[in-house]
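Enquirer: Okay, here's the structure, questions in a sec.
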Amino acid sequence: MAFKTLDDLLAEGVSGRHVLVRSDFNVPLDDEGNITDSGRITASLPTIKALIEGGAKVILSAHLGRPKGEVNPKYSLAPVAEALSEALDQYVALAGDVSGEDAHERANGLNDGDVLLLENVRFDPRETSKDEAERGTFADELVALAADNGAFVSDGFGVVHRAQASVYDVAKRLPAYAGKLVQKEVETLAAVAEKPEHPYVVVLGGAKVSDKLGVIEALAGKADKVIIGGGMCYTLLAAQGYNVQDSLLQEDQIDNCKELLERFGDKIVLPVDLVAATEFDAQAENKVVALDGIPEGWQSLDIGPESVKKFDEVIASSKTVFWNGPMGVFEMEAFSKGTAGVAQSIIDATAKNGSFTVVGGGDSAASVRLLGLDEEGFSHISTGGGASLEFLEGKELPGVKVLEA
């Protein structure tokens, strides 16, 4: 993929220039508005620091949550501005709006090396509009903030699969460059997508099988084995004839799953035991059961210990591993062992086998941090869940494609 990078921009010189950066600051917050996982902020720092050192007037844009196109204080980027100020050891101002009067005044008042964070771009309904002309008017307003010989740096890999104003349309209006994070993500995932070393093992989890049928199909054609756990495995087990009781089940997908198993049954690896509970609750009574042993009215919330062993045997022989999605409800300690076990197997494969191991962002990356696992134990932890999946599936990512123009 041929696109200009931050290094190219720095070589051209950024001193005194406005540089608009699309970052990914979609971080989880607790009820008090405190950031509970700052991984995405940390991942954005190399690009921001390089621009500060180059003397750029840095304007950061990002979204947080789903405010549905209207201003909602719950989704303000104020906690992010505070976290950035601390991480960069310099004040990061938060604009009082996205592209309005306050944003313009602050952007015009920036000195070389200053950083301004715009308020949540999704406070404006045009950001996510399906109408290109509508998005374009918003993109024009964002571009107008970069009045001093402006440039655009795309550094939010978690959003490059979206054709949104601050990701896609802005890149068509300014000289556009891939930031350090986007460059690293694309190069790493391209290595997995184009020339994975075999055996190549894909580990998929998460809630809905309907969201990942296309992914399973695409990756099963390239991988040697596809391990499936998490909520999505119950519809596949039902397709094999098991009664999954009250476990998460998409009945309308059973026929699709049957077809998938017929085509790729030799590659798909499913759990052999489960952890069932009386209800979806951290304190619920629970026990390890066989696939056909879920008590009536109970639901499975994790894979069992024999499944972890079975999956470990497959992962242990790998040379490339891509993992996206937890094996169970990892946020609840009683149902976190499957995810922790599989993650540890991947870490072991990295260390003992020299396997190239990639964690595909989203809940998988969050689980690594929440469970206190060694982040350095993986070859790469992606910041983009949906983006990394779509990339490996072979789909075109609008926010990357536009950089090649």
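Glycine too: its Cβ is placed from the backbone N, Cα and C atoms.
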Enquirer: Of R162, R173, R263, which does Swiss-Prot put in the substrate site with D24, F25, N26, R40, H63, L64, G65, R66, R122?
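Expert: The candidate from R162, R173, R263 that Swiss-Prot ties to substrate along with D24, F25, N26, R40, H63, L64, G65, R66, R122 is R162.
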Enquirer: Cα distance, D24 (substrate binding site) to K212 (ATP binding site), nearest Å?
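Expert: D24 (substrate binding site) has its Cα 23 Å from the Cα of K212 (ATP binding site).
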Enquirer: Hey, does DSSP put R122 (substrate binding site) in a helix, a strand, or just coil?
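Expert: Its secondary structure by DSSP: helix.
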Enquirer: Cα of G361 (ATP binding site) to Cα of D24 (substrate binding site): how many Å, rounded?
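Expert: Checking the Cα atoms of G361 (ATP binding site) and D24 (substrate binding site) gives a distance of 12 Å.
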Enquirer: Out of E331, G362, D363, S364, which of these binding-site residues is nearest D24 (substrate binding site) by C-alpha distance?
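Expert: Going through E331, G362, D363, S364 one by one, the Cα closest to that of D24 (substrate binding site) is G362.
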